[in-house]
Amino acid sequence: MGETENHQHHHPPPPQVVAPPAAPPPNFALSRGPTWTPAEQLHQLQYCIHSNPSWPQALLLAFQHFIVNLGTTVLIASTMVPRMGGNHGDKARVIQVLLFMSGINTLLQTLIGSRLPTVMGVSFAYTLPLLSIINDYTDEAFGTEHDRFVRSIRTIQGSLIVASFVNIILGYSRAWGELTRFFTPIVMVPVVCLVGLGLFARGFPLLGNCVEIGLPMLILLIISQQARKYLKRVHSRAHLILERFALLICIGIVWAFAAILTVSGAYNNVKTATKLSCRTDRSYLMSSAPWIKIPYPFQWGTPIFRASHVFGMIGAALVSSAESTATFFAAARLSGATAPPAHVLSRSIGLQGIGMLLEGLFGSLVGTTASVENVGLLGLTHIGSRRVVQISTGFMIFFSIFGKFGAFFASIPLPIFAAIYCILLGIVAACGITFIQFANSNSMRNIYVLGVSLFLGLSIPQYFVMNTTGDGHGPVRTNAGWFNSILNTFFSSPATVATVVGTVLDNTLEAKQVDDRGIPWWKPFQHSKGDARTEEFYSYPLRINEYIPTRFL
């Protein structure tokens, strides 16, 4: 068949052009600047744990550590001694003993304990057991109030001696170190945060007792210490001096200001509480402190052992151990060391128990724990030198023996110390947040653990504090007094509650990946041979390792 003119030629359809895949949306996060990899050590420090500033600077920095520790010592003595029936002379002697034991225990810890630059200061964990002892003797008949004070402190001695063996056994049996193996970076965030935040009552609430002194101290310290940020034209040498010694300079200025207000009569017609907080002549320590007094064992008399009070002290000893452990991790970060391994934590808690035994023998008012305020000072000055803290023990022991000189500095109004704590405790709390960099902060499971641990760590102790009477009776009130003392003391500590809640949740809630919890980063630091730097930071000095059984190293 031939073609006709109407015949249509059938051409194949044109190939369809496939559109290229759409480009992914731009990642705006990448345009916001560089990202920072996790840092096991803080590199902004000017001197780390085993590097040392010049001797003149080291002496001044050590004196700052002494002043910071002195504030808490005076606070607890001023709060408890009058309730025990003690007079101004008794308060001065108690402060001397507390300073002396702080010096001895700090020296021991930095030499053969944690080896971290941590000052061992008085612990408020012992407040409830103290109140229980005070309450027991309130209704008894004594010849004088001084007799009641001596009887109370002898009972405290006996309780400290017995309770010390709990820490000694937990530490040197390695049990405490084994417990810390359940910790992860997720646990350390709320624990270290709350060892700082949990002491908020020592900050602005105490500062508010004398705002006209405390607030200028707070503002002046922030501006002077951060002079380079606020005052752009500060000379580099002046900035260095202010960064390291602003605390001493500000204390001198505000203390002089408080003395001028006192002499001018500004506080002549105010409430008694205001006079105690604001005036520089209301501590009565200069007039009552002895010129020379060397603390010695059993200076108050033979210790009194009463089972009902021993259990409260055992609870306080456990709480102080938990708080010390959290503080050691913060100290390691702020001194340029790696995280302390389990065996170091064990021996430090065991040594803390030995220190508690010595405190009981010497007649101390409370046991000691790693001072959170002094660890914050490491971050404030950017100097984490171990030698500086060891030198500070010389100031503690010297001023504890020569009472008049120590009393001079102990008369600094407490709102000045409160202003300092507002900054130092905040630094430690923020240091805890840095541990999240080693875990997955985008994991909802981790967010849950962090949130619940932080909230309950603050909320539960606040409930116990609000429901504790003035004589030390907490919300747990069963027929077993020893049981009440332990639980009321235990759950009044934010760091301890966060430790329990965080550890239980983190070790029972399954994680999708091991990396989420930060285990790969954490594990090497738990063993003595897990990281090459462990020996550098935590080994004993002077070849002591050769004379100690391997199981204790």
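Don't overthink the numbers, they just go from 1 along the chain as shown.
Placement of Cβ uses the backbone N, Cα and C atoms for every residue, glycine included.
All TrEMBL annotations are machine predictions without curation.
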Handout entry: Correct range for transmembrane segment (source TrEMBL, candidates 44-64, 107-127, 338-358, 485-505)
Key = 485-505
Problem - Selected stretch (most C-beta pairs under 8 A with the transmembrane segment (416-435)) from 152-170, 206-224, 245-267, 388-410, 485-505 - result: 206-224
Handout entry: Outside the transmembrane segment (245-267), six or more residues from its ends: residues with CB under 8 Å to it
Key = 60-61, 63-64, 67-68, 212-213, 216-217, 220-221, 224-225, 227, 274-275, 278-281, 377, 380-381, 412-413, 416, 420
Completion exercise
For the transmembrane segment (485-505), out of 152-170, 182-200, 206-224, 388-410, 447-465, most C-beta pairs under 8 A are with 447-465
Handout entry: Most Cβ pairs under 8 Å with the transmembrane segment (182-200), selected from 152-170, 206-224, 388-410, 447-465
Key = 447-465
Completion exercise
If one takes Cβ-Cβ under 8 Å and requires six or more residues beyond its ends, the residues near the transmembrane segment (388-410) are 47, 52-53, 58-59, 61-63, 65-67, 69-70, 73-74, 92, 95-100, 102-104, 106-107, 110-111, 117-119, 283, 285-286, 288-295, 374
